[in-house]
Structure formats: C-alpha cells, structure tokens
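Asker: For reference, Swiss-Prot lists these features for the protein:
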ACT_SITE  His74  active site
ACT_SITE  Asp124  active site
BINDING   His54, Gly56, Gly58, Asp75  Ca(2+) binding site
DISULFID  Cys55-Cys71  disulfide bond
DISULFID  Cys70-Cys130  disulfide bond
DISULFID  Cys77-Cys123  disulfide bond
DISULFID  Cys86-Cys116  disulfide bond
DISULFID  Cys109-Cys121  disulfide bond
SIGNAL    1-22  signal peptide
Amino acid sequence: MSSKIPLLFIISFGLYVSTTNSSPIERRSLWNFFFMTFIGGKRAPWKYDGYGNHCGIGGKGSPVDSIDRCCQVHDRCYHEVNENECGSYKRNVKFIDYDWYMQDKQIVCDTTDTVCAQAICKCDKDIVECLNQNDKDYNPKYNKAIG
C-alpha cells in the first residue's frame, strides 16, 4: 500500500496541473481541499479518507473522535453553503472554483472571489485548521481505508 501512495500523489498532481489553466492555487473545490490539506495540514489528505463515520464520502452516525467531528462539521458547512451562499448555482459546491493562498503559514481565502466561492473556501480552511488542532487525537484504528 505504501508504494501506491507516492504513485497516487504523482497521478493526482499530474491531473491537477493538466486540468488547470489559471493561477497556481485556483482549482475546483475538491482539488482545493486536497491541496489545502496537503500544504496547510499536518497529515496527508489521504490519511483522512475513510476515517471514522464522516471523513470521506458520505457520513452518518456519531463522530468517533474530534477528527471525525471536524469532518462532520465540514459536511454540514458544505450543506449550509450549498443551500445559502451558493443556492443560485445549479451544481454542487464540491465543483465550484475558489482561490486561496498561504501567507505566514496561514491559509487565506481570496476575498475577490464570489460570496459562494469564499464560503466554500472558508469551509475547507476551517476543516484544515480543525484537523490540525485535533491532530493529537488521530487514531489509525478509525481509518477504514488503511486499518
């Protein structure tokens, strides 16, 4: 499995670069979230996929710990943004572009984006910060993808 991770990253990065024609960190929300976690987070993004009951696709039940709670809050944030700030869009917030950058080791959402894009960026920024703050609680036994 460990040899697949670098290959997965290389393929993901290649797709990331090849699917963009804009500034270095302007991508569709899922790519933004992946790279925001990769660059601004304490753990690789794939360490959270399948973690607990809420990290990754779907989400149900009670969070198993504070890491899983971060993912639950993120899911709710996306839902709220999809209903409110992005309600006029006819697509899921996971596929709306936004801009962000790092400044003094902090994630900054671009204020020139639409209200919708800024709200999505804030959801992603908040989860990365939440995951970082609760990193001590990360327990590999809760990761269904690797455990």
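Using N, Cα and C of the backbone, Cβ positions are placed for all residues, glycine too.
Model, not experiment: these values are computed from the prediction.
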Asker: Spatial neighbours of Cys130 (disulfide bond) among the binding-site residues His54, Gly56, Gly58, Asp75, defined as Cα within 10 A: which are they?
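Answerer: Those near Cys130 (disulfide bond) - Cα within 10 Å - do not exist; the answer is none.
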Asker: Using a 10 Å radius around each Cβ and all protein chains in view, which of these disulfide-bonded residues has the most neighbours: Cys70, Cys116?
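Answerer: The residue with the most neighbouring Cβ atoms within 10 Å is Cys70.
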Asker: Cβ within 8 Å of the Ca(2+) site centroid (His54, Gly56, Gly58, Asp75 excluded): which residues?
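Answerer: So the additional residues around the site are Asn53, Cys55, Ile57, Gly59, Lys60, Cys71, Gln72.
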Asker: With every protein chain in view, what's the tally of Cβ atoms within 10 Å of the Cβ of His74 (active site), excluding that atom itself?
Answerer: 21
Asker: Of all the recorded positions given, Asp75, Asp124, which has the fewest Cβ neighbours within 10 Å once its own Cβ is left out?
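Answerer: Each of the recorded positions Asp75, Asp124 was scored by Cβ atoms within 10 Å; lowest is Asp75.
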Asker: Just to verify: the residue among Cys55, Cys71, Cys86, Cys109, Cys130 with the fewest other Cβ atoms within 10 Å, which of the disulfide-bonded residues is it?
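Answerer: It is Cys130 that, of the disulfide-bonded residues Cys55, Cys71, Cys86, Cys109, Cys130, has the fewest other Cβ atoms within 10 Å.
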